[in-house]
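**Student:** Attaching a single structure in structure tokens format; questions to follow.
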């Protein structure tokens, strides 16, 4: 049995993860939660801060906000247990901190936990270099009106994957305005916020005579929860410090 502490247990994703752990993952048990809202109805105790939690566990799973990062890393270092980061909105300084922390603890990070997005991300490594010479590349990401970070972490993941796959130097733009001709080396990430859109990411390769679109739509938050719980199963026995991702969980390398 994999024992999990869930940070952000009272939020929307916390509810979904808690439910799926009980109904679909017999080898995973949420043994405690961490959240500012300690009054949520859960089958496990909820603590306001990591340092208040004294429950024995195997994996610390975070689905909250970027500002929880340092306290979670500190807790994982103290307990010598793996940390799974599923939050987005990290700054450049945060990412550097994550990189350094992975030298001390087993640290898993993914901008998107869905199997589909991670397949798309790996597909882009092959597709982008083939199409770049004759196609312009644009991205559109759409999310609900409560999402606070823009562009989404997933959009940045896809954009950076495309950049890293190309031999030429490219520059990212975030939205367009004004009067200017598009430059060949631009990759523009466009953001939409509205309604209850769970998550929609579209990569557009626009050529003179044809357009190729690679699109992923999340129609249920279950896809993120399933990925997160699979990551918990994968990370439970990890003791060696290092960086881990969904590529490791899904054994993606194509």
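Backbone N, Cα and C define each Cβ position, glycine as well.
Taken from Swiss-Prot, the feature active site, proton donor/acceptor covers 143, and the record attributes it to sequence analysis. Annotation comment: Swiss-Prot describes 147 as active site, proton donor, evidence class sequence analysis. Swiss-Prot lists 8, 9, 10, 11, 12, 13, 35, 86, 87, 88, 110, 111, 112, 113 with the feature NAD(+) binding site. As annotated by Swiss-Prot, (S)-2,3,4,5-tetrahydrodipicolinate binding site applies to 144, 153, 154, with the evidence given as sequence analysis.
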**Student:** Express the distance between the Cα positions of residue 10 (NAD(+) binding site) and residue 153 ((S)-2,3,4,5-tetrahydrodipicolinate binding site) as a whole number of Å.
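**Tutor:** Given the Cα positions, residue 10 (NAD(+) binding site) is 22 Å from residue 153 ((S)-2,3,4,5-tetrahydrodipicolinate binding site).
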**Student:** To the nearest whole angstrom, what is the C-alpha distance linking residue 12 (NAD(+) binding site) and residue 147 (active site, proton donor)?
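**Tutor:** On Cα coordinates alone, these residues lie 12 Å apart.
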**Student:** Quick one: of the recorded positions 8, 35, 112, 143, which has its CA closest to the CA of residue 154 ((S)-2,3,4,5-tetrahydrodipicolinate binding site)?
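**Tutor:** Checking each of 8, 35, 112, 143 against residue 154 ((S)-2,3,4,5-tetrahydrodipicolinate binding site), the shortest Cα distance is to 112.
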**Student:** Taking the Cβ of residue 153 ((S)-2,3,4,5-tetrahydrodipicolinate binding site) as the centre, how many other Cβ atoms fall within a 10 Å radius?
**Tutor:** 19
**Student:** State the Cα to Cα distance, in Å, between residue 153 ((S)-2,3,4,5-tetrahydrodipicolinate binding site) and residue 112 (NAD(+) binding site), rounded to an integer.
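**Tutor:** Just about 7 Å between their Cα atoms.
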**Student:** Between any two of 8, 9, 10, 11, 12, 13, 35, 86, 87, 88, 110, 111, 112, 113, the residues recorded as binding NAD(+), what is the biggest Cα to Cα distance in Å?
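**Tutor:** Value for the max Cα separation, rounded to a whole number: 21 Å.
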